[in-house]
Structure formats: structure tokens, C-alpha cells
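S.K.: Feature list, courtesy of Swiss-Prot:
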DISULFID  Cys2-Cys18  disulfide bond
DISULFID  Cys9-Cys23  disulfide bond
DISULFID  Cys17-Cys33  disulfide bond
DISULFID  Cys25-Cys31  disulfide bond
MOD_RES   Ser37  serine amide
SITE      Arg8  site 'Pharmacophore'
SITE      Trp12  site 'Pharmacophore'
SITE      Tyr22  site 'Pharmacophore'
SITE      Ser24  site 'Pharmacophore'
SITE      Arg26  site 'Pharmacophore'
SITE      Arg34  site 'Pharmacophore'
Amino acid sequence: ACATKNQRCASWAGPYCCDGFYCSCRSYPGCMCRPNS
């Protein structure tokens, strides 16, 4: 399963974001999926 908007993700080990989202690690407490612009 892939992670969608505002769900936790890990760019190095998974879970990976769904198509159309990228893993952003700028927010606390960890990485979250954000929509691609």
C-alpha cells in the first residue's frame, strides 16, 4: 500500500507515497506525503 496526502512516509525505506505525491521531511514529527506541484 502507498501513502497518500498527509500520511507518514519514508523516502529511504517506505512506506512510499502514491503517484502524484512526494515525501517531504520538513515537517514535525517526520516525513509526510505532499501533492506534487
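Keep in mind that glycine also has a Cβ here, set from the backbone N, Cα and C atoms.
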S.K.: Relative to the Cβ of Cys33 (disulfide bond), which residues of the same chain, six or more apart in sequence, are found under 8 Å away?
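M.R.: When sequence neighbours closer than 6 are ignored, Cys33 (disulfide bond) has Ala3, Thr4, Lys5, Asn6, Gln7, Cys9, Cys17, Cys18, Phe21, Tyr22, Cys23, Ser24 within Cβ distance under 8 Å.
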S.K.: So if I measure Cβ to Cβ from Arg8 (site 'Pharmacophore') and keep only same-chain residues at least 6 apart in sequence, which ones fall under 8 Å?
M.R.: Pro15, Gly30, Cys31, Met32
S.K.: Which of Trp12, Tyr22 (the recorded sites) has the most other Cβ atoms within 10 Å?
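M.R.: Checking each of Trp12, Tyr22, the winner is Tyr22.
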S.K.: Round to the nearest Å and give the CA-to-CA distance linking Arg34 (site 'Pharmacophore') with Trp12 (site 'Pharmacophore').
M.R.: 16
S.K.: How long is the line from the C-alpha of Arg26 (site 'Pharmacophore') to the C-alpha of Cys2 (disulfide bond), rounded to the nearest angstrom?
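M.R.: So the Cα of Cys2 (disulfide bond) lies 20 Å away from that of Arg26 (site 'Pharmacophore').
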S.K.: Would you say which of the disulfide-bonded residues Cys2, Cys9, Cys25, Cys31 has the most Cβ atoms within 10 Å of its own Cβ?
M.R.: Cys9
S.K.: If one measures from the C-alpha of Cys25 (disulfide bond) to the C-alpha of Trp12 (site 'Pharmacophore'), what distance in angstrom results, rounded to a whole number?
M.R.: 11
S.K.: DSSP secondary structure for Trp12 (site 'Pharmacophore'), reduced to helix/strand/coil, please.
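M.R.: Assignment for Trp12 (site 'Pharmacophore') reads coil.
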S.K.: Quick one: Cα separation, Trp12 (site 'Pharmacophore') versus Cys2 (disulfide bond), in Å?
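M.R.: Between the alpha carbons of Trp12 (site 'Pharmacophore') and Cys2 (disulfide bond) there are 14 Å.
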